[in-house]
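What Swiss-Prot records for B:Tyr261 is active site, proton acceptor, and it gives similarity to another entry as the kind of evidence. The NAD(+) binding site feature in Swiss-Prot is assigned to B:149-174, B:261-265, B:Arg302; the stated evidence is similarity to another entry. What Swiss-Prot records for B:Arg258, B:Asn290, B:303-307, B:320-327, B:387-391 is substrate binding site. The N-acetylalanine feature in Swiss-Prot is assigned to B:Ala2. For B:2-43, the entry in Swiss-Prot reads topological domain 'Cytoplasmic', with the evidence type sequence analysis. Under the heading topological domain 'Lumenal', Swiss-Prot lists B:65-445, citing sequence analysis as support. Here Swiss-Prot flags B:44-64 as transmembrane segment, drawing on sequence analysis.
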2 protein chains.
Amino acid sequence: MASELINRRHETDQPTADAYYPKPIKPWFTVTRPMRYMLREQRLIFVLVGIAIATLVFTIFPRSTQSTPYSDPFSGYGIRPDESYVPAIQAQRKPSLEYLNRIGATGGKIPLGLKRKGLRVVVTGGAGFVGSHLVDRLMARGDTVIVVDNFFTGRKENVMHHFSNPNFEMIRHDVVEPILLEVDQIYHLACPASPVHYKFNPVKTIKTNVVGTLNMLGLAKRVGARFLLTSTSEVYGDPLQHPQVETYWGNVNPIGVRSCYDEGKRTAETLTMDYHRGANVEVRIARIFNTYGPRMCIDDGRVVSNFVAQALRKEPLTVYGDGKQTRSFQFVSDLVEGLMRLMEGEHVGPFNLGNPGEFTMLELAKVVQETIDPNANIEFRPNTEDDPHKRKPDITKAKELLGWEPKVSLRQGLPLMVKDFRQRVFGDQKEGSSAAATTTKTTSA
Amino acid sequence: MASELINRRHETDQPTADAYYPKPIKPWFTVTRPMRYMLREQRLIFVLVGIAIATLVFTIFPRSTQSTPYSDPFSGYGIRPDESYVPAIQAQRKPSLEYLNRIGATGGKIPLGLKRKGLRVVVTGGAGFVGSHLVDRLMARGDTVIVVDNFFTGRKENVMHHFSNPNFEMIRHDVVEPILLEVDQIYHLACPASPVHYKFNPVKTIKTNVVGTLNMLGLAKRVGARFLLTSTSEVYGDPLQHPQVETYWGNVNPIGVRSCYDEGKRTAETLTMDYHRGANVEVRIARIFNTYGPRMCIDDGRVVSNFVAQALRKEPLTVYGDGKQTRSFQFVSDLVEGLMRLMEGEHVGPFNLGNPGEFTMLELAKVVQETIDPNANIEFRPNTEDDPHKRKPDITKAKELLGWEPKVSLRQGLPLMVKDFRQRVFGDQKEGSSAAATTTKTTSA
């Protein structure tokens, strides 16, 4: 049977001379001239080879193609951070080998097979004013970002634009309770930062600062993560030294109405250094001076947000005391840049992160008047207890060791904040016209 | 049947004339002449009435007859606290009606029928050096005393003499865990106080100070107890003001090796004031300066105990730095008197409790040489980090508002401590002879 099959096949192979074959139907694709050109000399194959190469490149060196484009809060405002403003990534000194080992970039402590793209970063207080801008930068860098927030002062609106991104997670959690997360970096920002909020429940403010920091330091120790504490210029209290340098021990009332925040943050620094000295945890401490920018709480009682909201609402600008007390105001993007350089750098700190540009309350009011409403009145009120008289950072250490200094002046940054506040205060879209009118008036700082 | 029974009984009642009756046996008790005297004229009844009256008196006005006699650590030392030294009880100003109501002395918030003798007082750290002397005084006053201690630095030997007393209880418990106790007063002393001990585990020192104080304040709030925090002169850090008055905010390093204790106690003060302002808890704050006396830990690294132990062991007295740094030394009985006046009084504080008698380390060494061994050598060693240069309390406030000031001078108190240390260092009984030899040498302060 088998040989018969073979024979048959032979027969079909030879064409017989006189059999009638209708004119052959052209192949299913009518081969136009270019198509014929393509098929000759294996040109199509080479196209396929090219595709293969490109696919290979993209799988090995992923670009953050999937994450939604980072919505730069400064785009369209006619302001670009200065060219010399080298984003943290390029300026990144080579992280210590020991740290890289731990995060597995050089195949260190990470179990075999757990290849990972980017860093796993948790930001406590990540739905807050500063936290959400930090999250934007980390997402833009391609990290996996976990926001932990109890939404006491944080707002979902600040991070909603990341919700569709698989690299982004949000956990509603209060840091006074422990949490287990496998991460490489911990930015610990969670704490109410404005006097109105931290005085609201002082005992809780202390718990957040002390027990919250204990929990996150315990996590850092357990998973070998690098830990950054956002401390505050309030650790200097009502300073007797001016400007304040990091080695200054401060002049803080331990039993006043602000003590829950000042002492809470000082004790958080103490814990951070004790975990570093005693348990070898990699820590970083940033002392943040007054910061302003888009997404600030509108009514959190801080002077910049107060003045802007009042000017927009045509209310008098309330100045507490004689208005001669000074503060220095840094724009939020400068701060975030400083935090990331501190985290990626090799120095523990503490580091002052602030803008040395010092303003009295009355000078600030004047800038707000120029920016929003020249006719805004000023109303004086009695000052609050323990309100510091002067506050100005000495940022020599950050300049030298982190290569960082603020770039955005008050007159550059304030309009960005006003735009955001206007949308939120009035929710209207017509800000375009009045914003254009305002920009022409801004004089350089 | 019934009437028959009645008849029979009649018969037995009448003696029949001719029946033989043996001579009657004298009653079971042979009634001697005094006994017969007693039984006549209801004299015995009056004895019983007298007994009833005395019993009544004792039940209404109990005297602390049951508690073992308070073993006065100063008895037999030929030193009596000065006559003007009015113990806290007599000097006790009338506690506020609102406080008395709560503790039920005037039948206030206490449920009906729960009559109680004396106060229910918990002393955290009650097995420690200062705590155990406080416990002695409270027991002597007839209070129900509960000692809560984790025995990290506390010692059972300090309170063993109370073990047989029903008014005394001891609970092995760490205040970083909550505890539920129905009490009227809380003396919160629990915390390692010597640098050697609190630096041993700095993170635990902070937990004890912050979480421990949170737990005890929470208890005070729940049961309506009055809460006294023993804070410390260390809240002044390395003071830039001299002497230190309570309104001075201090000069404290927040990130040094002593910070766990300094910042921990400052935050404990903050919490105490926030519970007072926010939750109306009755609080008291004492800032304790250097204290010495019997039952001090022998090797806790504090200067007085160091010098005494070294002199007894014929070792050189180690002076850190140049020896010119000053401290002021108060005897433990003075401190305990101050604490009780503060608790019973009507002022929140903080109050400095210390002895303004200021000594340099070298002067102290000289007194120790005079007291124990004139030939003891002095050995200089590098100073420890952040060691305060000067420390002297301003106690004007305690004098005026508590009617308190220290009574025992260094030269009066030191021999008492030496006696105790000698027993513990050598455990021998022959201290009697050498003690007599030493007492003749002591010159008045």
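Glycine too: its Cβ is placed from the backbone N, Cα and C atoms.
Listed recorded positions: B:Thr153, B:Asn165, B:Arg258, B:Tyr261. Those with a CB under 8 Å from a CB in chain A: none. Counting in whole angstrom, B:Phe307 (substrate binding site) lies 36 from B:Asn165 (NAD(+) binding site) by their C-alpha atoms. Remark: of the binding-site residues B:Asp149, B:Glu157, B:Glu263, the most isolated position is B:Glu157 (fewest other Cβ atoms within 10 Å of its Cβ). Of the candidate binding-site residues, B:Arg258, B:Val304, B:Asp387, the one lying closest to B:His173 (NAD(+) binding site) when CA atoms are compared is B:Arg258.
Here the Cβ of B:Asp387 (substrate binding site) has 12 other Cβ atoms within 10 Å, regardless of which shown protein chain they belong to.
For B:Asn165 (NAD(+) binding site), the nearest of the binding-site residues B:Arg258, B:Val304, B:Asp322, B:Lys390 in terms of C-alpha separation is B:Val304. The recorded positions recorded for this entry are B:Arg258, B:Tyr261, B:Val304, B:Asp387, B:Lys390, and the Cα of B:Tyr261 lies nearest to that of B:Glu169 (NAD(+) binding site). In this view, the densest Cβ surroundings among the binding-site residues B:His161, B:His173, B:Arg258, B:Lys390 belong to B:Arg258, judged by other Cβ atoms lying within 10 Å. With respect to Cβ neighbours within 10 Å, the binding-site residues B:Glu169, B:Asp322 differ, and B:Asp322 shows the lowest count. When the Cα atoms are compared, B:Lys390 (substrate binding site) and B:Tyr261 (active site, proton acceptor) turn out to be 18 Å apart. For the binding-site residues listed here (B:Asn165, B:Gln325), the lowest count of other CB atoms within 10 A around the CB belongs to B:Asn165.
Of all the Cβ atoms in the protein chains shown, 21 others lie within 10 Å of the Cβ of B:Thr153 (NAD(+) binding site).
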